[in-house]
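Chemist: Pulled the feature table from TrEMBL, pasting it below:
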BINDING   ARG125, GLN229, ARG461  substrate binding site
BINDING   GLU153, LYS317, 375-384, TYR386, 409-412, GLU436, LYS463, GLU469  ATP binding site
BINDING   GLU153, ASN155, GLU379  Mg(2+) binding site
DOMAIN    213-314  domain 'Glutathione synthase substrate-binding'
Amino acid sequence: MATSIKDTALPDWRLQEILNITNEWALCNGVSIKAGSEGSETGKAVAAPYALFPSVVPAAVLHQAKSTMVEFNRLMHKIALDHEFLENSLKNVIKVDPFMGRLWDIYERVRSAGVKQPVMVGLFRNDFMMNCLDAVAPGELVRADRLELKQIEFNSIASSFGGLTQQLSKLHRLTVGLAGKNVTNKQLPENEPASGLASGLLKAWELYGNPSAVIVFLVNPIERNEMDQRWLEFKIYEKNPHVRILRRTFLEVNETGSLDSEKRLLIGDDEVAVMYLRDGYTAENYPSDEVWNGRLKIELSRAIKCPSIQYQLVGAKKIQQELARPGALERFISDHQVVQSLRDTFADQYSLDLGPEGDKAVELALANPDKFVLKPQREGGGHNLYNAEISKFFTQHKHSEERNAYILMQRIFPWQQKNYLVKTGVPFALSDVVSELGIYGVYIGSGDREIENYECGHMMRTKITGTDEGGIVAGFAVLDTPFVL
Ligand code: ADP
Ligand code: MG
Ligand code: MG
């Protein structure tokens, strides 16, 4: 839509009219989020931040991202079952990163107790940026073959925005129309990630095999993104209104949950078939031992977890970096074409583990800090280091083990477009923006048996050029969808 925005050149009064319509539409149709603690609206539903128009993605690029998803899904499952690979990849991280160390302890506890539930469920989101090989002015169209699709990260826990994005896809049909453009299904394709993700949870519930057992959405006590989660819940009811779904926190699971002699997880009197984690992805989610105990109880149980502790570990940035090593993918995938198609999406990545290889990476980063991103093993946005922060970090930790907790990644400079980002408190103006494309996927596997594996839709997050981080709830980016050219 980038060039279309420029070409359309709507007058301000009409833009304002459109904005008034879209803001109300967003609230009426659940493109919404709970207001943060900063104002009088705290806890009330407000429109989620969104791009007024969809952002352009070349058809070939979207196809590339979507077509690799089932291979990525399968790869994640295979890694989750490969103890040796997990241990070799994470052994230096867990020594210095207490959060990762504790996740690893839980994994070891599960292993020594014997895995009680072989079925594992992933609701994944694979995130990419379009690295632009040419220097073009923001808003100019770029040939698809001058854009490299590069993976930013693979999310294996609490992959969010399937719900809100499903609704935003509908809103974007409206905004393009209101701007006076006709739009085809190819340009704004059907996009129903919440539906696909809900099917995954429902399938897991069926596999558990007790029709009176419940699905639990494990949520943070202070959750601004509740509506996104509710969309998944409502989609499950649409498919099967007889399933009961509870929302619980780790603390509540710790206090009211118990394991019976068969390791069934009971919350009060309710047996849990599926535990869907929308919390527990990052260190701040575990403020006390009681919270950690809640997580441990879940992992030691027979409930089907989405994700299991193994799946969460596989989503670590360290694993992504280890997979980018020459030959690493071949351990899991025998088809060379498949290997190549995944590897094509990898950015350059470097281990920082103490030793000569890590030393070289540190030198690289210090020579050109603006060309890299320094990433710890965290989720949810706001944790990476850029530019001067990188130099500062390595000045302090050049030869210390602290650096094992991070990986170094080539910085992607995405194609810049023009769009209006609609956020409360931010002036409404045509801005230079960059986008991150996410592809949703569902995987259900039990040992070597693949039970479900599909790709189920896409999303975009768009931010003002020059903003380092990308989180929406964290306030950096807005929701968006692809306009396929
Ligand atoms: P998180 O799990 O916290 O979301 P990410 O790896 O996705 O961690 O990083 C957060 C944000 O930082 C991304 O949404 C993106 O905007 C930016 N980012 C991450 N890696 C890169 C990169 N290699 N190049 C450019 N930007 C990046
Ligand atoms: Mg991310
Ligand atoms: Mg993430």
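Numbering starts at 1 and runs along the chain as displayed.
Keep in mind that glycine also has a Cβ here, set from the backbone N, Cα and C atoms.
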Chemist: Neighbourhood of the Mg(2+) site (GLU153, ASN155, GLU379): other residues with Cβ within 8 Å of the Cβ centroid, in order?
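Modeler: Residues close to the Mg(2+) site, other than GLU153, ASN155, GLU379: ARG125, ASP127, PHE154, SER156, ILE157, SER159, TYR281, GLY315, LYS317, GLY380.
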Chemist: How many other Cβ atoms are found within 10 Å of the Cβ atom of GLU153 (ATP binding site), counting all protein chains shown?
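Modeler: A 10 Å sphere around the Cβ of GLU153 (ATP binding site) contains 19 other Cβ atoms.
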Chemist: So what sits near TYR386 (ATP binding site) in its own chain, CB-to-CB under 8 Å and at least six residues off in sequence?
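Modeler: Result: PRO369, ASP370, VAL373, LEU374, ARG411, ASP468.
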Chemist: Taking every residue in the domain 'Glutathione synthase substrate-binding' (213-314), what is their average pLDDT?
Modeler: 98
Chemist: Around ligand 2, within a Cβ distance of under 6 Å, which of the binding-site residues ARG125, GLU153, GLN229, GLU379, ARG461, LYS463 show up?
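Modeler: Checking each Cβ against ligand 2, the ones under 6 Å are GLU153.
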Chemist: Quiz question: given the binding-site residues PRO376, GLY382, which has the greatest number of C-beta atoms lying within 10 angstroms of its own C-beta?
Modeler: PRO376
Chemist: Per DSSP, what is the residue count of the domain 'Glutathione synthase substrate-binding' (213-314) in each of helix, strand and coil?
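Modeler: Split into helix, strand and coil, the domain 'Glutathione synthase substrate-binding' (213-314) gives 41 helix, 26 strand, 35 coil.
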Chemist: Filter the candidate list GLU153, ARG461, LYS463 of binding-site residues, keeping only entries whose CB is under 6 Å from an atom of ligand 3.
Modeler: GLU153
Chemist: Could you check which of the binding-site residues GLU153, PRO376, ARG411 have their CB within less than 6 A of ligand 1?
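Modeler: The ones that qualify, in sequence order, are GLU153, ARG411.
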Chemist: Rounded to a whole number, what is the top Cα to Cα distance in Å among the residues the record ties to substrate, namely ARG125, GLN229, ARG461?
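Modeler: Per the listed residues, the maximum Cα distance equals 18 Å.
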Chemist: Under a criterion of Cβ-Cβ distance under 8 Å and sequence separation of at least 6, what residues of the same chain contact LYS463 (ATP binding site)?
Modeler: LEU421, VAL433, VAL434, SER435, GLU469, GLY470, PHE476, ALA477, VAL478
